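> When I checked TrEMBL for this same protein, it listed these features:
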- 78-501: domain 'Major facilitator superfamily (MFS) profile' (DOMAIN)
- 21-44: transmembrane segment (TRANSMEM)
- 140-157: transmembrane segment (TRANSMEM)
- 166-184: transmembrane segment (TRANSMEM)
- 190-211: transmembrane segment (TRANSMEM)
- 223-245: transmembrane segment (TRANSMEM)
- 251-269: transmembrane segment (TRANSMEM)
- 330-348: transmembrane segment (TRANSMEM)
- 360-384: transmembrane segment (TRANSMEM)
- 391-407: transmembrane segment (TRANSMEM)
- 413-437: transmembrane segment (TRANSMEM)
- 449-470: transmembrane segment (TRANSMEM)
- 476-496: transmembrane segment (TRANSMEM)
Amino acid sequence: MSDTGEIIKTLGDFGRFQWRLLVLVTLATPSLAFHMFSQLFMVLEEPHHCNTSWFNAIGLNLTEEERLNLTLPKKPDGTFEECLMYTPVDWDLDAILQYGLNSTEKCRRGWVYPSNQEPSLLTQFDLVCDWEDLNDISQSIYMLGLLAGALVSGLLSDRFGRRPSLLLSMLIEGVFGVATAFAPNFHLYIAFRFLVGASVSGVVISSLALATEWVGIVYRPHTVIFSHAAFSVGQMILAGLAYAFRDWRTLQLAGSAPVFALFFYLWILPESARWLVTKGKTEEAKKLLQKASSVNKRAIPLKLLDELKPEKTVSAGIWELFRNPHMGKVTFVLSAVWFVSSLAYYGLSLNVGGFGFDIYLTQAIFGAVEIPGRLSCIFLVQWLGRKKCQSSALLLGGACCLLIAVIPKDLPILVTVFATTGKFIMSGSLSISYVYSAELFPTIVRQTGVGWCQTAARLAGIISPLIGLLDKYHPSIPVVIFGSAAVAGGLLASLLPETCGKELPDCMDDIAHYQRPSKRINGSLGNACLKPNEDITEQITITRL
């Protein structure tokens, strides 16, 4: 009996067919970065004050400045209050000039934005004063959509296939991404964003599963890193789009509509041969494998195809992660590592406009530094080991966040330098977490364990924007929390066993020792500690970027 992995090795681990497939699925990745961070450019701060049009009929002959002086209280620095107005009265102008207005109240009739900038989410839906927190709350709801989508689309992908799940997710992403641009109110905007978030998870899960299941063991980390790099490119593209289109509806359309250009996938995107085999559809799988071998100009022996049989999969419940004390400790520490890595990553990414530097340039830099950040860590884990790299990345990334808290705000360039350095390190930490977790969990619980860690990362994404609300009490509180969490995670990571140079564990007893020697696979970026012919990502559903 032969398996799909053996046939893929015969037709070529990473030939022309796989290159084409990787390029195809990666084309859908930049738009995911747009949806993740585009709202940051739609709620830029705007000067505003209460609408005091009630006074217009009284002060017909007064200038705008005189009207504001009579109807708006002032702060100690001499500027007008943004969220308070003098209580309207039924006096004539002479009485108001003689006695003045003293009683204040919150804005009754909305706000006025004197700058007359292009329409933004903030100005169209009045996300100021008491409604200001809706911005961060809506970002958390988007992250909640990512979590819900990961749970649902993972099941759809496993049941109906990678290709239909990917196409459906892209359709939902395009439809509701465009619909978001026409949302008549903020509540509907939030609902559409939730659905877009769910579809983004579907695209991530299905595209990466499809790509990794078509390549050989050695090249699977390449596909993940390639996709990560495309996500970083999407962040740089977002900076350019946001700079060019200041109207939030136009920006939303510019970032959402291009996904429809990818629906030529209907005719050229293949299904996963591995998934077809696991579902007993061996004849369809054979046709696809023969097509791939033809593109790669490699022949598959007929004997291998004739012996192709459905593969067995191994799964286990979540409780298996905690039944063994040592496995329970590893699960807890890895969950914490994923959580704090995502918490700090999103904490820095979603605060791109809070470092005092040009937000468009900062976003472009943030995207650019992620590419070497993700690539370099893969080589470092080969030389220094997983544990040292994971722990060091979290400690250094946390230190950068803590330093941001003590740097004076009148040095925006220095603050941005440390924020960029932190983003560079935390993006690498996320890539290390994927490789490290796949090697730490035994084969019988690997899919369950990595899925558990990914859920922890999604929860961090939901919480991160809410922590940003604490800056109203002190601007440094959020970055201190992000930095402290990362440092704590770095210390916890030092408790994990090293996996580099050791065989992958198959059962619970193996993880307590890691003493068996193993062979290295030359050229592998992420799986240098594999046993021959073992595939650590075969059963892992990748649900994050």
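Keep in mind that glycine also has a Cβ here, set from the backbone N, Cα and C atoms.
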> I need to check the long-range neighbours of the transmembrane segment (166-184): which residues 6 or more away from its ends have a CB within less than 8 Å of a CB in the stretch?
25, 28, 31, 35, 149, 153, 156-157, 192-193, 195-196, 198-203, 206-207, 210, 249-250, 252-253, 255-257, 259-260, 262-263, 265-266, 269
> What average pLDDT is reported by the model for the domain 'Major facilitator superfamily (MFS) profile' (78-501)?
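Residues in the domain 'Major facilitator superfamily (MFS) profile' (78-501) carry a mean pLDDT of 85 in this prediction.
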> Is the number of Cβ-Cβ pairs under 8 Å between the transmembrane segment (251-269) and the transmembrane segment (21-44) three or more, considering only pairs separated by 6 or more positions?
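Judged by the Cβ rule, the two regions touch, with the required three close pairs present.
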> For the transmembrane segment (140-157) and the transmembrane segment (449-470), check the count of CB pairs under 8 Å (sequence separation 6 or more) and say whether it reaches 3 or more.
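Touching, yes - the transmembrane segment (140-157) and the transmembrane segment (449-470) meet the threshold of 3 or more Cβ pairs under 8 Å.
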> Below 8 angstroms Cβ to Cβ, which residues of this chain, lying six or more residues outside the transmembrane segment (413-437), approach it?
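Sequence-distant neighbours of the transmembrane segment (413-437): 221, 224-225, 228, 232, 334, 337-338, 341-342, 344-345, 348-349, 351, 355-357, 362, 365-366, 369-370, 372-374, 376-378, 381, 386-387, 389-390, 393-394, 396-397, 400-401, 403-404, 407, 449-450, 453, 457, 486, 496, 499, 526-527, 542, 544.
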> Counting CB pairs under 8 Å, which listed stretch among 21-44, 223-245, 330-348, 391-407 touches the transmembrane segment (360-384) the most?
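Checked against 21-44, 223-245, 330-348, 391-407; highest Cβ contact count belongs to 223-245.
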> Mind checking which residues of the chain, 6+ beyond the ends of the transmembrane segment (330-348), have their Cβ under 8 Å from one of its Cβ atoms?
143, 321-322, 366, 390, 394, 397-398, 401, 419, 422-423, 426-427, 429-430, 433, 436-437, 440-441, 449, 452-454, 456-461, 463-465, 467-468, 478-479, 481-483, 485-486, 488-489, 492-493, 495-497, 511, 544
> For the transmembrane segment (223-245) against the transmembrane segment (190-211), do we get 3 or more Cβ-Cβ pairs below 8 Å once near-sequence pairs (under 6 apart) are dropped?
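In contact, yes.
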> Counting only residues 6 or more past its boundaries, what in the same chain has a CB within less than 8 Å of a CB in the transmembrane segment (476-496)?
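Contacts with the transmembrane segment (476-496): 329-330, 333-334, 336-337, 339-341, 343-344, 347-348, 351, 386-387, 390-395, 397-402, 404-406, 426, 436, 440, 464, 467-468, 470.
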